[in-house]
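Copied over from Swiss-Prot:
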- G10, P11, A12, A13, A14, G15, K16, S17, T18: ATP binding site (BINDING)
Amino acid sequence: MDLINIALDGPAAAGKSTIARQVASKLSMIYVDTGAMYRAITYKYLQNDKPEDFKTLVNQTTLELTYDKSKGQRILLDNQDVTDFLRENDVTQNVSYVASKEPVRTFAVEKQKDLAAKKGIVMDGRDIGTVVLPDAELKVFMIASVEERAERRQKENEQRGIPSTLSQLKKEIEERDHYDMNRDISPLKKADDAVTVDTTGKTIEEVTEEIMTLVNNI
């Protein structure tokens, strides 16, 4: 099969990253977690006491993706590996705001396009099929119920030792959905030629196979 690019979009906790990793592994492709890029910039934003000059912030930022056989994708922010800090609560609560800023978006999208230029990429995010990879050979828009997404996020938090309640997480997810879908720059929306995959009630294996079937039908 010729080298292709696959775009996976969808709201928070729809399972994008998990499925993207599985699909990339099965196809021996490179997985790019674009959300981690925005989280890294958000981490720097928080470490710098929330500056509002985002253009200066990104101009003074270096961001590099590396791949570790045992740990997967790692994010180097200003030459420091910050991957293990990117799922902290304060980062999660601020990433939508930071990612909505035009200088941040431009900075990240340029890097994402460069990574995908040679094909063979599985990339997940919110605007991959619409903005970053509008010519991707396969575009998938993943959805799931708010209830299930909150349960998934709670399990992730438990694994990291982060206390949270389902009601709190449901509220946060609903608020983030609204923010992501209504922001001025690169709002979350399904590309016209994307295939919708509902992951509610499905196992990782079931969703992966569903997308592999789509790949095989290209």
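Residue numbers in this text run from 1 along the chain shown.
A Cβ is built for glycine as well, from the same backbone N, Cα and C atoms used for every other residue.
Feature annotations (Swiss-Prot) mapped to structure.
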residue: G10; record: ATP binding site; Cβ within 10 Å: 25
residue: A12; record: ATP binding site; Cβ within 10 Å: 24
residue: A14; record: ATP binding site; Cβ within 10 Å: 26
residue: K16; record: ATP binding site; Cβ within 10 Å: 26
residue: T18; record: ATP binding site; Cβ within 10 Å: 17
- Going by DSSP, is T18 (ATP binding site) part of a helix, a strand, or coil? helix
